[in-house]
Amino acid sequence: MFSKATLFFTAAVVIVAAGATPTTSQCNTGPVQCCDHTQQASGPTTLTGIGEVDLGDTSTLIAYGNCSPVLPVLGGPKCQGQTVCCDNTEFEGLVNVGCTNVAV
């Protein structure tokens with residue numbers, strides 16, 4: 001009887017933990033992205049490996065480099081860069097503009 005109760009409790013904990021897995025629903029404009037680089041921008045900005053990008057007079061967080069969607073896979077690869085949610089992608093997909101940091 002004791003082993004059945006332990007098994008039931010363990011299964012319940014696993015089910016609750018699986019339901020608590022972070023999701024990417026924190027971003028209303030698309031998937032949460034994992035990007036190699038982020039930088040606060042204001043006016044013309046020089047980005048490592050890309051060159052100068054004119055963002056006008058906006059003061060915004062930009063993400064650039066290798067950006068890929070963060071997938072909520074239990075035990076999957078972790079983001080080694082910065083997780084961000086961006087309003088749009090500009091400059092032929094090289095730079096994501098209007099980003100905010102996201103805790104995943």
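Backbone N, Cα and C atoms are what each Cβ position is placed from, and that goes for glycine too.
According to Swiss-Prot:
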- C27-C85: disulfide bond (DISULFID)
- C34-C79: disulfide bond (DISULFID)
- C35-C67: disulfide bond (DISULFID)
- C86-C99: disulfide bond (DISULFID)
- 1-25: signal peptide (SIGNAL)
Which disulfide-bonded residues sit within 10 Å of C85 (disulfide bond) - Cα, from C67, C79, C99:
C99
Applying a 10 Å Cβ distance cut-off over all chains shown, what neighbour count does C35 (disulfide bond) have?
21
Top Cα neighbour of C35 (disulfide bond) in the set of disulfide-bonded residues C27, C79, C86, C99:
C79
Compared by Cα position, which of the disulfide-bonded residues C27, C34, C79, C99 is the closest one to C67 (disulfide bond)?
C34
Using Cα-Cα distances with a 10 Å cut-off, which of the disulfide-bonded residues C34, C79, C86 are near C27 (disulfide bond)?
C86
